[in-house]
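What TrEMBL says about this one:
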- 371-397: compositional bias 'Low complexity' (COMPBIAS)
- 1-23: region 'Disordered' (REGION)
- 366-397: region 'Disordered' (REGION)
- 39-56: transmembrane segment (TRANSMEM)
- 68-91: transmembrane segment (TRANSMEM)
- 111-136: transmembrane segment (TRANSMEM)
- 184-203: transmembrane segment (TRANSMEM)
- 229-250: transmembrane segment (TRANSMEM)
- 271-293: transmembrane segment (TRANSMEM)
- 299-320: transmembrane segment (TRANSMEM)
Amino acid sequence: MAGGNYAMSEPEANGKLPAQDSSLVGTPERASWGRPLEFILACLGYAVGLGNVWRFPYLCYRNGGGAFLIPFFLMMILIGLPLFYLELYIGQFTSYGPLKAFAAIGPFYTGLGYCTLVVISLISIYYMIIVAWTLFYTIVSLAGNLDWGSCENEFNTNYVAEQGPGLAFVAYPEALLQMPIPQFWSILFFLMLFILGLGSQFADVAEQGPGLAFVAYPEALLQMPIPQFWSILFFLMLFILGLGSQFAGIEAINTAIVDQWPQFRKEVTAFTCFTCFILGIPMCFSGGVYLFTLMDWNTASWAILLIGMAESIAVAWTYGINRAMNDLASMNMKLNKVLRFYWKAAWTVTVPIASLRGKELFTPTEKWKPSSKSLSSPNTTTSETNQQTTYENLGYM
């Protein structure tokens, strides 16, 4: 890319540049899309994944509910869409994997490709565990006996089956019978149990990642007619969504390996899948959910923002934003003035600044604290008044 010959060949009808001779570029020839629709469907399969079903809802819940959508859509416009389109442009134009694509811009960005590869590999490892869970639930649903809808299983304890309901449905009702108009108080009591019980259960599972998809949703399916049928459809949908996300991740890893060692083209897929399978086994043991949560919270976080900032700087400032716009035009991507200005502004200014300062815009500052009047009480000391609260704004991650 940088420092090379920037003369462009005429694009084919599908918008893809003619395949280059692999002997000239040192990279195996890539397969191209037969039609633009195939490329669009592949992008949709990667963009719409498990995160839309189980990760986004509980992040939205624990970070303000509907108010969370404001910074979400703002960050999607400022960072998400520009980075998504940027990576599509790099991959389609160069036909390289992440290692060679950024190294072609400049040797300084060689490590950027490796960073991208590491993040993709870690995500692929623990995403396979989610796919395995969805497959297990699908098989259980096909068997017809939804074990999570009954307390008569081998793994249930007497506390779950007897002691839990005993207090609410034996002791309290007997006490209500001693009150005047017991029917009235019984209706209020059980209505309160329903509201508070449902709300507390939702709050518990909504703050957990897997809990929403594998606890709350299955319980909701039990309330529907023919729950086995809806459970099969739901978990089969999750399984297909997981496979769509995994295809793109595994293919990115395979492409990076084949770029370095073309002779392993035939064995690379089996090697990648088997390696991820072995590395994912520890998350299948009793304490595996803790390792899963650790990877989930720390893999797709600040690392992605820093990588995205470096990608935009590499393309917009090192390679050149005008060259990038010309590359898009050479692939028959016709952009009007508004879109052209949006992509140029996003890649050159918005993405680098928002990636560094975006979290600060939506994190409470030290000035957010109770007023001195509300803290003035006989039991409140000056040191307690000045003590600052540590905020944990994880919604941006």
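The backbone N, Cα and C atoms fix where each Cβ goes, and this holds for glycine too.
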(message) Counting CB pairs under 8 Å, which listed stretch among 68-91, 229-250, 271-293 touches the transmembrane segment (299-320) the most?
(response) 68-91
(message) As a test: from 39-56, 68-91, 229-250, 271-293, pick the stretch that has the greatest number of Cβ pairs under 8 Å with the transmembrane segment (111-136).
(response) 229-250
(message) Within this structure, do the transmembrane segment (229-250) and the transmembrane segment (39-56) have 3 or more Cβ pairs under 8 angstroms, counting pairs 6 or more apart in sequence?
(response) yes
